[in-house]
Amino acid sequence: MPLGERGGWERTESRYCGVETDFSNDVTHLLNFNISTGGFDYVLAPMVDPSYRPSLVEGNGVDTQVLPVCGSDLVLSPSQWSSHVVGKISSWIDLDSEDEVLRMDSETTLKQEIAWATHLSLQACLLPTPKGKSCANYARCVNQILQGLTTLQLWLRVPLMKSEGDSMDDTSEGLNDSWELWNSFRLLCEHDSKLSVALDVLSALPSETSLGRWMGESVRAAILSTDAFLTNARGYPCLSKRHQKLIAGFFDHAAQVVISGKPVHNLQKPLDSSTEGTEKNPLRIYLDYVAYLFQKMESLPEQERIELGYRDFLQAPLQPLMDNLEAQTYETFERDSVKYIQYQRAVEKALVDRVPDEKASELTTVLMVVGAGRGPLVRASLQAAEETDRKLKVYAVEKNPNAVVTLHNLVKMEGWEDVVTIISCDMRFWNAPEQADILVSELLGSFGDNELSPECLDGAQRFLKPDGISIPSSYTSFIQPVTASKLYNDVKAHKDLAHFETAYVVKLHSVAKLAPSQSVFTFTHPNLSTKVNNQRYKKLQFNLPSDAGSALVHGFAGYFDSVLYKDVHLGIEPTTATPNMFSWFPIFFPLRKPVEVHPDTPLEVHFWRCCGSSKVWYEWSVSSPTPSPMHNTNGRSYWVGL
């Protein structure tokens, strides 16, 4: 029975909760007790008798051996096996043991159990935690298995721990940071797109910063030990505030909770007439508490629900200079009222600065909207003039002939014929009849300059009076290193270099932001430089927080912040982002080879904005702690058309 339905959350996998069980020969009873009676959605159960060892089986040969499984495939329907059982690979296996018999038994058993799980059409199997510091042979065998899998997913069990002095006891031999274990294992698996991690959530937790790393990893399940629960005043199980926050984070990232362990809260619920005589599942009280946590999560805002399908979905940036946008794209952007309110505020301030109150009835301000689209900036500018009681003359310059049709209809419908002049032309080739007091544009991209705003506005600067005002007046791009295993695997799946040398627009969700963002390139308008050169280079150095632990950098998230005019800002940089604005998603610059970073070693990054005669492109690389190849979008540029 799913944990509940909350606005938007009912569409995520996190609403299903499992329970870890012991081996049982009667799998039908196992499901009845834990699903029908217990209320869980599935069982995480061993498929083979834990006493089984291939080397101890007597017979005339391997072909005569019968695997001591939990039950015939006929005891459940295929849909029941698929929906209600996650297989648990035997926990005793040790594929890196120095004992050759144990090592060979482990390899044989692993392959047998995966083959049985595939036969049953299970959706997933849980691999046991690697034993010892070395897991090379284990990872080799798993990598071989992954190559032959089509639908079966493998979850590697990893204890959620990191030794941090007073905040964590190291309870696993030789293991200081379980992320290191996970990282070394998955890096050895070339075919890791079907490999996820299942984290054992224990009573003690690492620091918040350390936990944050996991939000960018492919965490499929949180195995929540009953020992992690506290007891409330009524004697019922509950979790600490930190555990609650962690579980809520897993819910938000589509990870499922699995209850594990023996009951430590012996509460007996009164029987009702419908369940009298039925054996009670003692772990039901833990399920009820997890359901309570799920149900108390805030409903997603309407805009977030609309954007659910865009989470971690790679998109090519728009190319409005080269391509004509479609009506649906215009409509999406025009719904962003917050953005146009900010533009209106900026125009109001510019009009007041341009024309003093005593001359408001005498002077007419010339305002040019370059890249007018279907008219939202024209409307915002006219509303600003009305609010400030200033006279305005507007030129609406737009190169898309389809949008110009809409502009003409809008001007006629609103009665703006005496105020608005429509120019159907590329701003770069238009000869203006007069110069403007204010130049307004909406050419910013997710990275600020990636839709060629600098080139366009430098070209349009000839329209502006020497003391004229540009809105926006400046904008700055930012980047920050991120762990983003899903995005990386999606790029990697294309199996070519071109996709690793492409910058993507992404609604970032399953990412871990490893360090605060830093500024990259800044452009100011009007550009007062005597020689216009929009090529840029920036070297940046990032440091992980001291308590974060090591992490894997899959790429860089890019943002922008702009000053429209004076104190009116617009942007998506996380620390200064304009609230409730959705016109821009961040941009993602992937790395061909992820870079492992440590808190005591800076991450040194290089970014270039390069300009040719007909295109603009980016280049980026890492020089420390491990050099990466140079990434170059030249030849695959999204910003062609100068």
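A Cβ is built for glycine as well, from the same backbone N, Cα and C atoms used for every other residue.
Taken from TrEMBL as is:
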{"type": "ACT_SITE", "residues": "Glu442", "note": "active site, proton donor/acceptor"}
{"type": "ACT_SITE", "residues": "Glu451", "note": "active site, proton donor/acceptor"}
{"type": "BINDING", "residues": "Tyr330, Lys339, Tyr340, Glu398, Asp426, Met427", "note": "S-adenosyl-L-methionine binding site"}
{"type": "DOMAIN", "residues": "39-296", "note": "domain 'PRMT5 TIM barrel'"}
{"type": "DOMAIN", "residues": "303-471", "note": "domain 'PRMT5 arginine-N-methyltransferase'"}
{"type": "DOMAIN", "residues": "474-640", "note": "domain 'PRMT5 oligomerisation'"}
{"type": "SITE", "residues": "Phe333", "note": "site 'Critical for specifying symmetric addition of methyl groups'"}
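Overlay of TrEMBL feature records on the structure.
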residue: Tyr330; record: S-adenosyl-L-methionine binding site; Cβ neighbours (10 Å): 18
residue: Phe333; record: site 'Critical for specifying symmetric addition of methyl groups'; Cβ neighbours (10 Å): 18
residue: Lys339; record: S-adenosyl-L-methionine binding site; Cβ neighbours (10 Å): 24
residue: Tyr340; record: S-adenosyl-L-methionine binding site; Cβ neighbours (10 Å): 20
residue: Glu398; record: S-adenosyl-L-methionine binding site; Cβ neighbours (10 Å): 25
residue: Asp426; record: S-adenosyl-L-methionine binding site; Cβ neighbours (10 Å): 17
residue: Met427; record: S-adenosyl-L-methionine binding site; Cβ neighbours (10 Å): 24
residue: Glu442; record: active site, proton donor/acceptor; Cβ neighbours (10 Å): 23
residue: Glu451; record: active site, proton donor/acceptor; Cβ neighbours (10 Å): 24
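In terms of Cα distance, the recorded positions that sit within 10 Å of Phe333 (site 'Critical for specifying symmetric addition of methyl groups') are Lys339, chosen from Lys339, Glu398, Asp426, Met427, Glu451. Glu442 (active site, proton donor/acceptor) and Tyr330 (S-adenosyl-L-methionine binding site) are 12 Å apart (CA-CA, integer value). When the C-alpha distances from Glu451 (active site, proton donor/acceptor) to the recorded positions Lys339, Glu398, Met427, Glu442 are tabulated, the minimum falls on Glu442. Looking at Glu398 (S-adenosyl-L-methionine binding site) and Glu442 (active site, proton donor/acceptor), their Cα atoms lie 11 Å from each other. If you compare every pair of Cα atoms in Tyr330, Lys339, Tyr340, Glu398, Asp426, Met427, the residues listed for S-adenosyl-L-methionine, the longest distance is 24 angstrom. Across all of the domain 'PRMT5 TIM barrel' (39-296), the predicted model scores a mean pLDDT of 88.
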